[in-house]
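Trainee: Just dropping this structure here.
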Amino acid sequence: MRTSIALFTRDLRVSDNPMLYAAVAGADRVVPLFVLDPKLPTPPNRAAFLLRCLTDLDDALRDLGGALIVRHGDPVTEVSRLIAEHGVSDVHVSADVSGYAQRRQGRLEAIPGVGVHVHETVTTAAAPGSLTPTGGGDHFAVFTPYLRRWQTAASRIPLPPPSRITIPEVESAGFHDVASGEGLPAPELAEGGERTGRALLSEWVDGPVAGYADGRDDLAGDRTSRLSPHLHFGTLSPVEVLYRVGRDSQGAREFGRQLAWRDFHHQMLAARPRTAREDYRPRGDRWRDAPEELAAWREGRTGYPIVDAGMRQLLREGWMHNRARMITASFLTKTLYVDWRAGARHFQQHLVDADVANNQLNWQWVAGTGADTRPNRVLNPLRQAIRYDPSGDYVRRYVPELHRIPGAAVHEPWNLPVPERRALTYPDPVVDLADGRQRFLSARNA
Ligand SMILES: Cc1cc2nc3c(=O)[nH]c(=O)nc-3n(C[C@H](O)[C@H](O)[C@H](O)COP(=O)(O)OP(=O)(O)OC[C@H]3O[C@@H](n4cnc5c(N)ncnc54)[C@H](O)[C@@H]3O)c2cc1C
């Protein structure tokens, strides 16, 4: 009797999961395994989301006749143990790109006596490394040529869930305590799990995606898909998302372009795992050490309402609108000239969708040490606010101290008449925008 292990990682779903599908198709019995590795930091928001994903995956596997087997410890050690205990012949795992994932994959492949199968297009739509520039090189460093290749690359058809799973008698450790950090999850955290992800996707495809091209920068309108945590944990398949969204409307095509950004960052990290910590394009920065300004930024009290609204959305929901991520990240790395790594760490701590590829490389993009072809652009938070939150509703939603200020006036509380200004419990700006911009440009041009 042939037994295989389906090692779940960031692919916590039964639908369109080539890793699970192949494991079931190639064996009589399968151990659907998830290993909680204490070495991987899982802050409260991601831990809470992950717990829901695991519960939901267990339910889905039980409906198919199986169950999720959970172990705690080093994944390779746990896999080796199961191989010895159950005479396993094959191990299936999805390809992934971080240094951690690449090391795990290498160690799995080194286990003697078993077939290790690494499946592509499970965590990304295009396999990292499968698209390379015509001029040579192992990855694309600029998005537009990558997009052109990505759009014409063949894509596979999504797979159904396996029809039945038979598992051997295996002990499971359960999955109650997955958080590795202190603190509680954000009060308005999204709900994890494949069922929730699929419901969200269906709603998105049935309507809002058509308006995505016009609505994606509308901060108050909240008109993006919010699928990012599901793509991060793999409760949704990027291949299936693209397949279902199609290319019929301008919104659908623009949405597809965002998923290409996701793949783009994954292929960069796959080729250069050290960019999780090191500048992709070093600019000779000598970042400022400014602990008080950094603390004000983290807590959403910089005195710039649009920046503070974004930072407080992060604390309240464990998620932030993309436009707000760009504004807050530019404010930290350029206006305050603080190291992108400090910002990326804070985002990693709170974002439910935080992943090494998208977080670190978007931070580098904004800081101008990554793939941005205009690395010294500085976003002016006021101009951004007037353009992307013209009604001021986004700011009033997240900065309650300012909720009485009507319209766009909320973006410039310093212009209020003195008595009204004094009555506010809202801080003065931590920096003058023009000074901050000048300091950054001088440093970069030095
Ligand atoms: C400083 C900074 C940090 C970020 N950190 C992360 C992160 O840790 N994890 C993460 O998934 N995204 C990150 N992003 C990208 C983007 O902000 C989020 O993917 C997006 O806001 C998620 O919301 P959504 O699902 O509603 O997006 P939608 O606008 O509906 O887009 C659909 C999907 O496309 C992908 N996508 C969209 N924009 C980008 C982008 N710029 N780069 C890569 N993929 C993108 C996401 O998977 C997203 O779910 C970051 C952006 C910045 C500027």
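Cβ coordinates come from backbone N, Cα and C, glycine included.
What TrEMBL says about a protein is an automatic prediction, not a curated fact.
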Trainee: From F255, F331, grab the residue that TrEMBL records in the same FAD site as Y212, T224, S225, R226, L227, S228, D353, A354, D355.
Mentor: F255
Trainee: Relative to ligand 1, which of the recorded positions Y212, S225, W363 have a Cβ found under 6 Å from one of its atoms?
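Mentor: Close enough to ligand 1 are S225, W363.
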Trainee: Where does W340 (site 'Electron transfer via tryptophanyl radical') sit in the DSSP three-state scheme?
Mentor: helix
Trainee: What are the DSSP helix, strand and coil residue counts for the domain 'Photolyase/cryptochrome alpha/beta' (2-124)?
Mentor: 51 helix, 28 strand, 44 coil
Trainee: Counting other Cβ atoms within 10 Å of each residue's Cβ, which of the recorded positions F255, W287, W340, W363 comes out lowest?
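Mentor: Each of the recorded positions F255, W287, W340, W363 was scored by Cβ atoms within 10 Å; lowest is W287.
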Trainee: Looking only at Cβ atoms, how many others are within 10 Å of the one on Y212 (FAD binding site)?
Mentor: 23
Trainee: Across the domain 'Photolyase/cryptochrome alpha/beta' (2-124), what does the mean pLDDT come to, as a whole number?
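Mentor: Average per-residue pLDDT within the domain 'Photolyase/cryptochrome alpha/beta' (2-124): 97.
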